[in-house]
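Novice: Features from TrEMBL:
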- A:6-26: transmembrane segment (TRANSMEM)
- A:38-59: transmembrane segment (TRANSMEM)
- A:79-105: transmembrane segment (TRANSMEM)
- A:117-135: transmembrane segment (TRANSMEM)
- A:135-433: domain 'NADH:quinone oxidoreductase/Mrp antiporter transmembrane' (DOMAIN)
- A:141-160: transmembrane segment (TRANSMEM)
- A:172-191: transmembrane segment (TRANSMEM)
- A:211-235: transmembrane segment (TRANSMEM)
- A:247-265: transmembrane segment (TRANSMEM)
- A:277-300: transmembrane segment (TRANSMEM)
- A:383-401: transmembrane segment (TRANSMEM)
- A:421-441: transmembrane segment (TRANSMEM)
- A:468-487: transmembrane segment (TRANSMEM)
Amino acid sequence: MAVSANLLAVPVAAPLLAAAFILLFARWGGRRRIRQQIALTSLALCLNLAAAAILFQATAGRGERFVLQLGDWSAPFGITFYGDGLSATLLLLTAIVALAVYPFAVATIDYHRARMGFHPLYLFLLMGVNGAFLSGDLFNLYVFFEVLLMASFVLLTIGAQPAQTNSGIRYVVLNLLASTIFLVAAGVAYGTLGTLNMAQIAERLPVASPAVQTVFAGLLLVSFGSKAPSLPLFFWLPSSYHTPPPAVTALFGGLLTKVGIYTLFRSFTLFFPELLVSWQPVLLTISGATMLVGALGALAQPGIRRVLSFHIISHVGFMLMGLAVAQSGNRLAVGFGLGAAVIYLCHHMIIKTALIMAGGAVELHMGSDRLVSIGGLVTRQPLLAFLFFMSAISLAGVPPFSGFVSKLSLLQITLDTRHWVVSGVSLFASLLTMINMMRLWRESFWGEYNRPSRVPVRILQSRIRQRLMLTPVAVLVLLSLALGIWGGPAITLSMRVAQQALDRQAYIEAVSPSSRISTADADLHLISSGTYLLVSPVAKSGTAAHAPPISRGSVR
Amino acid sequence: MPELYLRLLNRILTPVLLLLALYLLFRGHNLPGGGFIAGLMAAAAFQLQILSRGHRSVRSTVGPYLHSGIGLGLAVAICAGFVGLLEGTFFKGIWFSLHLPFLGDLKLGTPVIFDLGVFLVVASVTTSYLLGLSRVSDTASLRLDETVSRIRYDSAGSNPAEASVEPGPRAES
């Protein structure tokens, strides 16, 4: 059965429509209304998951690509949605994470916060994330970034505790700064290349001057790197992720930083694959330092969620390492690094969400997440202890789980390409992760039962709520286990995804199919005569959308 | 209490502004205008109401419908996109013309419906901002009165109890 490209609209339209209906009837409040909101939100999440699964099956499974030109306005003029294996993988993982966190959120978000619009905000956040994965246009990417940031600002400060407001300010300021840099990069692209469509940028960038390429790549690296967050600009994450309700942290930890990673993957493979080679030392340094700083920073943290948020940073370093070696192949394949990074991304999204939810359950039970004051939960909550332990060893990379497969494949590619230092650093960071996870588990579950808060536990004593909280954790742990056991097929799939992402020619053809690919001879001729036209002021003027025909064959 | 001329102007200007908003909304497909501008214009009419009648009375009349307006606008805009699926593509514009007895033909289409949704969203969001801002300015002026009458605080924000609520992230370790 052929899958229509209109399916690409579902991950954006379904959450938006559900949120619109919730807002439409939000005036008449009350607990019954909240229950209806929950039902509507779950429906939208399930629809989203179904659409994402179909897309994933068609793209990663059968190697198709989907382009949706909204309203049939062709590429540089209309809004372009593009879905290939990389987008579909992230959409699927996002749908799984959003659906898994939702029962936890329903069980733990109080009535007051639900009245303030938690459920529609959840959907708006999902819509922004999905849109960013699908967007085929730099400006729409920026718009969807803003949508998800707006939703996350409110989700971060919902309930308006003083600590939340404090962390919210840092989060807002640093993220707006990164967005501004991204906007400047988009301005540079429009001013020099005359387009914001990603396919056209990819087409015109190779013939632009090296200065433009360097500035554009640098601005994108800084802005996406700070959203990811990689080393120099990661401060907003550990200073804000421990303050909102645990469900919000789980959602953010699972989804938000991955948008930055995805855009890094997409922009580097599509716009400047040659920079992946020439900037490789820089990228490897950033990734190694990010891994190390994240893991070392986690050692010094006093609370569960702070340790986990530092580990998010450390894992971003692993994924960047995969990106940095994406263009250098080994005896298995060119692009093995990107495939390994994709599978690492899947592993990270699944297990990090599970771990933050398990940590949140501990925190809600204890009334505090400070490791020195809690302990001994294993006798009261054996199932929670078991699940926490499983996800902790999966995060650290112990064999039957997905962490082992993903770390092993990353290690293999870095060793094959003889990057000894960074592979050593990654091994050391994994060791530190193991130490940290064991520390977390020992401090919170072993020893004397010690509960610092005097407020009685209500959440974990209600059986339904406990089930709502622990079932998603168990499902995610099982998913991680499945990803580890069927590691072979998973690697094959992610290799196909990586090859698809690295094939820029196919992207350009898919988005603007009207253009013809010139032959190699005409190609050289066009470059020699067309280069000066592109960088000349003629191309910068308002007629730039009708810029002279640029050869498509020049794109390697 | 608002000035007399403001109350008089309000009676004349509010219908004019709302009609102008509708005019901008419907001419907006090919000419300058459209849902966003029209929504801002409608919000300007509500701002005039707030200035002349006070934000309390405006809040009690339109306040409850603002959230619903946002939701309705979003839903209408998205549904206009779904109509395009009839011709194969999401958000494809579908046009049909309506014959009116005296005014001639009126061309309607899904872009107009989409603009209507945008109009609703912008008008409701902006009005809710304006209501919120006027409440904030009201509280601020109340505080200013307090400060002038009994000189105890230097300014509204300098209450020392509010200043240091949250210790730094490392302070609790």
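Residue positions begin at 1 at the first shown residue.
Each residue, glycine too, has its Cβ placed from N, Cα and C.
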Novice: Using a Cβ cut-off under 8 Å, which residues of the same chain at least 6 positions beyond either end of the transmembrane segment (A:277-300) come close to it?
Specialist: 217, 225, 230-232, 234, 238, 306-308, 310-321, 323-325, 327-328, 419, 421-422, 425-426, 428-429, 432-433, 435-436, 439
Novice: Are there residues at least six beyond either end of the transmembrane segment (A:79-105) with Cβ under 8 Å to its Cβ atoms? List them, or say none.
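Specialist: Sequence-remote neighbours of the transmembrane segment (A:79-105) are 5, 8-9, 11-12, 41-42, 45-46, 48-49, 51-53, 55-56, 58-60, 63, 65-71, 73, 118, 122, 126, 129-130, 133-137, 140, 197-199, 245-248, 250-251, 254-255, 258, 262, 265-266, 342, 345-346, 349-350, 353-354, 357, 360, 468-469, 471-473, 475-476, 479, 494, 496-498, 500-501, 507, 510-511.
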Novice: Sort out the residues at least 6 away from either end of the transmembrane segment (A:38-59), same chain, that have Cβ-Cβ distances under 8 Å to it, and list them.
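Specialist: Contacts with the transmembrane segment (A:38-59): 3, 7-8, 10-11, 14-15, 17-19, 21-22, 65-66, 83-85, 87-89, 91-92, 94-96, 98-99, 102, 106, 119, 122-123, 126, 130, 497, 500.
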Novice: Considering only the recorded stretches A:6-26, A:211-235, A:247-265, A:383-401, A:468-487, state which has the highest number of Cβ pairs under 8 Å to the transmembrane segment (A:117-135).
Specialist: A:6-26
Novice: Checking distant contacts: for the transmembrane segment (A:383-401), what same-chain residues at least six beyond its ends satisfy Cβ-Cβ under 8 A?
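Specialist: For the transmembrane segment (A:383-401), the far contacts come to 311, 347, 351-352, 354-355, 358-359, 361-362, 365, 377, 407, 430, 433-434, 437-438, 440-441, 444-445, 470, 473-474, 476-477, 480-481, 483-485.
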